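Single-structure report; data block below.
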Amino acid sequence: MIVMQLQQQLLIWVIFWLNYATALTNFTWSSDSPSMVYALRAQRDVMSSATIDQLPLVGVDVGRVFINGMVIENKDEDEEDEDLLVMLESLLEAGVQALSVDVEYKDEIWVVGNSTIAFDDFLLTVRDFLDGTNTDLSANILMVMLRIQPNSSDYGSPSTFNNYTHGYNYSDISDYNKDDIGDASDIEALIYSNIGRSYIYSPEDLVDDRNKSYTSDIYGLNSVNGWPTLSHFLYQKRKRVLFTELTTEMPYNTSSLLFNKTILHLDGGNIAISCPTSNSELTELSLVAWRFIENEFTDDSVRSYVDCGYSPIIANKYNQNNITHLLNLTQSALLWSWEVGQPSTNEKKNSDTLEAYNCVSFVYTANNYSAYWKVENCYDEKKGLCEAKTDLFSYIVSENVDSYFNFDSFDGSNCPDGFDFSIPKTPLEQLAVINYLRLRNSSDTEIWIDLNSISVNNCWVTGGPYATCPYETVMSRRNFTKMITPASITSFGLLVLVTCLNLLSLPIHDNRSNWRRMINKLSRNEFDGVPA
């Protein structure tokens, strides 16, 4: 299963190239390395214990990126819309996790702003992506932010809208009033009918999670004002997408499918930010949920925003001549953890030394205060990263060096009391480690972090060297021995028995002359023919 899923995801970048090549002229694109698939999955799994409001979600403004100025030559209107939607789905498959979309009412249907793309076609594209990635191996969170044009709140007619929604049953949502058909509330009906309730995390779901103590604050404590972890969102609730309205055109209540704009913090334009340089500043920023910045970015600036704890919404204007730059921009933002080209377990092996390139180190560069993750030999001896059990954003580096296998094992840990062997789970936590090293004037260094693929190659897990891969069943040698021993003993016993029977004659055959004499004696008592 893991191999099949990997093969599908490795085609993402090639598909992206083919989709654009079909739609645009003078286009060239090289596919990304397979390590990108492993890197994004490992990064998602590391963040699984973080609450969803603290995740770095890289997004795009659909109107500015795909609609404005995009004219596909030799295509009619319908073909152009179809190509744009294919590009959008490919971008989602490449790792984009947030979409900002303008919605307006035009020609008696709801459409994506400044386009002829029907809003339900946009939603069906999102649904296709959700269906295609709805496995534990590929699933991830998606945020869709809607801007409903203010002049679009009172259009339409019941008959027109009923035809447009393809038979949507309003009785499925109790708070809809049929007399209101044609206003902005219709958008919620479209979302319900085209996405499906099972994928959507709604305000009602949040209330339920808070009532059941499934939500946490930034300290990891149960909170009625918190959000669920990514793990709970994806694997317990089995949800995939949140919808939020950035305008105020729709009525809001806890039975709605959409969150209102008060749940998030969205800045636009050239916003000057400064990265937190202390634990108190990191804590203060963490108290702001869903931190988005919508702007035109460069490769360097978009990565800077992510490293400082923000989620960028890319609003660069593209056309058919420069749209290929978008992938480079998204790649710069998506991967806040790994070095480019990592993780790689294909290091050259030396038969004279013990080598196992399945463990990850935190590589710090002092001259620019940057860091990334890199796969190293598990037998190398390094210091390790230790996180305080109670204090937020509090990290230290161990005094002792050891191999990865022995750094934190059943025999004990090299981390001091009150600290656990750990790994940065978000960009802000990574920034906290960088600040710790910077304030101590640390030189370039490499330290072990709690991430490895020892059990299954390229399945990156936390929890020390004995952690197992959640996507593939792995049997240890000890369990395998316990399972195979009874069967082996039984088989050996049967083999011995069969061998003995083949080698030893039956007792009655030991004296063949006596056997023949007995047969002759019995034959005398037999009559020939029929007795008179």
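Quick reminder: no glycine exception, Cβ is built from N, Cα and C everywhere.
Checking the candidates Asn26, Asn511 against Swiss-Prot, the annotation N-linked glycosylation site falls on Asn26. In the structure shown, the C-beta of Asn322 has more C-beta neighbours within 10 angstroms than that of any other entry among the glycosylation sites Asn322, Asn368. Averaged over the topological domain 'Cytoplasmic' (509-532), the predicted model has a pLDDT of 60. Same-chain residues at least 6 positions away in sequence with a Cβ under 8 Å from that of Asn328 (N-linked glycosylation site) are, in sequence order, Asp299. Of all the glycosylation sites listed here (Asn211, Asn253, Asn322, Asn368, Asn441), Asn322 has the Cα closest to the Cα of Asn114 (N-linked glycosylation site). Of the candidate glycosylation sites, Asn253, Asn260, Asn322, the one lying closest to Asn368 (N-linked glycosylation site) when CA atoms are compared is Asn322. Cα distances from Asn211 (N-linked glycosylation site) to the glycosylation sites Asn260, Asn322, Asn441 are smallest for Asn260.
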